[in-house]
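The region 'Carboxyphosphate synthetic domain' annotation in Swiss-Prot covers 1-401 and is backed by sequence analysis. According to Swiss-Prot, the domain 'ATP-grasp 1' annotation covers 133-327, on the basis of sequence analysis. The Mg(2+) 1 binding site feature in Swiss-Prot is assigned to 284, 298. The Mg(2+) 2 binding site annotation in Swiss-Prot covers 298, 300, and the record cites sequence analysis as its basis. Annotation comment: Swiss-Prot describes 402-546 as region 'Oligomerization domain'. Annotation source Swiss-Prot lists region 'Carbamoyl phosphate synthetic domain' at 547-929, citing sequence analysis. The ATP 2 binding site feature in Swiss-Prot is assigned to 707, 746, 752, 777, 778, 779, 780, 820, 832; the stated evidence is sequence analysis. Residues or ranges marked as region 'Allosteric domain' by Swiss-Prot on the basis of sequence analysis: 930-1072.
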């Protein structure tokens, strides 16, 4: 069927900010969809609130709106633009929920807008647990015994009938938010209450736990002619019970017999047909390992995290084709973009094994509960490709960016059998490593299978790795053993340690013996047809399929998995850099390992290598391609950390030299450079021992800011108020020694300013200066940023511009630099300089229209700023106000403290723009998920040092009609200031207390600041966590609170009696 001609304009709904459960995969799918629709001649309008994405670039769609994804704002855009149709299935759960809301509000009907791809009835049938169960019964497809519940009493009824354990699945939520497995009544109360709160329709499905079954996923496509295919099937190494986003996944499935494969394939196709989905869909199934009994777990009637993985695993671009199907094209009409010969109705075939391992944020949140269940906790993931599962798995392990090069962790070697058993049964992020350790210690596969029901096939693969370790250790210097180890994916790093040599020695030994990997192509058809895709993976085999051209090439290093501190912003910069390299006439080669991102879409670069970002894996590619050089500026700390080793191998680092990178990162060299340039910085010194640290802190005076050198996202950074806190930090947060010094600075409580600039060594161009709402001390990634600055005097702005230009030239920066300043007592100090792309590059690029990563790349390739039409100086400021607001995923991470500080905690960001600061802030806050009601109650519990500041805030809340609630101490201070307040009981009270008010939704805001100078009081922690669990905005910074007040005041009309007004005027006359 040809494409539809009765529609011209299509609105694509994006997925909003990155949160746990919804990461960069929707930037990839949304970008693909917009391009796909434009190819077909449609006018595309995009709405998304996330400025850090390629999707929100003006070139992606005909019109791009960066606005909050709420009914209020999306309706406004629909009424203004009058699209013929909307496509919500590429915007994740956010897009689907938005479509349902728009339909129910009547806006779509009012404006005559049709939903494309998946009909509203199909969305509701798949997402509403009750409707889905009914449909499965009609199809005769088995689902676990279950019950839809709307309150706790109904939950008790089901459990009494079926017994524990039961799984709670809330309706219309993302990444299993609010759900979990209940083994007893206490867990049932907690999880059901949470699930009902998080479900927008207050509905949960309770089902008998089938934990222990194999979890299998099918990624299926269907068109309007009822052609349906399986793009890829995947198997979770972790049995049912762990969310698929937190599971280690392999593709294609490894343990299914042909009969099982066909049985589940037929079921998946039957379900997509019954739902009438036109596009992509993900079906999750559970299979009993001892019989042919299976269950349908759930269906995602949209493009998902799994479809991004399936696209990258097979090379089959699901989102691109789903968009074409949505406008009426059929699979047998669409040419497969990979082979450019076959049609999209051919099911992909794989002649390799793909492994995906999630990347969790537990290195950031030491206190988080690491147990894995049905609620997702990973922020991102890595993927790797190999010719066997062992190779694929070990490549994925070293892609995780955790400093791990093998399936072993030193701290697990001490575990006894009982502890290992407990942790394997319970399942946490280290389970696979513990399985390997158990096998090393002689535990049998039978015992491990009994503990966690992991399939014997996977346990055998882990045992193969362990047996190979023994071989390697017993045969030092043996080339045959080395060859076998390399074929199994062992790293040079591991072999070097086993043979007591350096990694470089092993690398040289292999080269002398012609033991190097070849590169194979990902072609969707297992080499059955010739393919045109330049998409490769390494393996130890015979024939190399990556043909080196005679064009000059440049390698760009990607940023690896999405994690806190290094998000999709770096992928944005990477993609723009690749485009600039191509524009400059070079061949652009990218190395990355994140299946969710735009940079790993094979159509972006001239060549894509899907490989771990380690020195060994990167050097294999450089040895083959012999590029002009490597760009490390855009891949975050991942790429910067490889620069020194690459240079040791004789590789040219393009842009800022290694020496100058080091000068910005090394404390003493940086201090010397600032002194020479006459630029002030907070007093600080470097410590290499605990004793030194104590002495420095005494000399500088508390409070001090302590952090390790070479970090991203403020990892292990803290503000310390006294000596015992410093000792606690030195013991628990860092391992200090000569190679890993700790930086200790005077902590200045001032206004923080952030600047991004581009330097060519002679000229320094500054696209924008941003002001942070939160004072210095809150990580820049967690602060609300405002552009242009609202409270900087011209004199201070001039100082900042002068310092930026001096730093760009003085540090010999070629490319991008990011500087953080603090304004303290009307003086500008430099806190730090990052000689690379920062997380504000996409935000500023979009606002100012300066494509920063593109310009910087051309500078790196030798085209100076003047040639590109830019000179030295500050870009004229925009008239509108733009706000970048952080977005957190605290609801997914139990027992993590939500207090903001110097260590980054946000997972994503949104943008608000309007004519005034108040309006822009309102949009930014609403887009980030904070509800801003114009009246209600606010709970105030603050530390003594904040009481004075809190009084002014409380007074302003009172004046706009808010009801104030406070515990005795704060209430007394308020009463003394004649501010009406209601006293509430502290949380340790048996009577109705502060936590009850939060639980019952009787407070709209909670203001809670930390008591400094002692370990965080558990009371404060419980108040903050209770707020998160119950969806109440908890403000831990008084600066953020003031920003919200500005918005509330701008939305509220004043109401004063005439007498008050005349009294005020009389007072003014008397004192005039």
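Glycine too: its Cβ is placed from the backbone N, Cα and C atoms.
DSSP classifies residue 780 (ATP 2 binding site) as helix under the three-state reduction. A straight line from the CA of residue 780 (ATP 2 binding site) to the CA of residue 284 (Mg(2+) 1 binding site) spans 39 Å. Cα-Cα distance from residue 707 (ATP 2 binding site) to residue 298 (Mg(2+) 1 binding site): 45 Å (rounded to the nearest whole number). The closest partner of residue 832 (ATP 2 binding site) among the binding-site residues, by CA position, is 300; the full candidate set was 284, 298, 300. Its Cβ taken as reference, residue 780 (ATP 2 binding site) is surrounded by 25 other Cβ atoms within 10 Å in the chains shown. Taking all protein chains in view, 21 other C-beta atoms sit within 10 angstroms of the C-beta of residue 707 (ATP 2 binding site).
Residues 707, 746, 752, 777, 778, 779, 780, 820, 832 are the ones the record ties to ATP 2, and the longest Cα gap between any two of them is 18 Å. If you draw a 10 Å sphere around the CB of residue 298 (Mg(2+) 1 binding site), it holds 17 other CB atoms from the protein chains shown. Counted over every protein chain shown, other Cβ atoms within 10 Å are most numerous around 752 among the binding-site residues 752, 832. The region 'Oligomerization domain' (402-546): residue composition by secondary structure is 76 helix, 11 strand, 58 coil, according to DSSP. Of 300, 752, 778, all annotated as binding-site residues, the residue with the shortest Cα distance to residue 284 (Mg(2+) 1 binding site) is 300. In the predicted structure, the region 'Allosteric domain' (930-1072) carries a mean pLDDT of 84.
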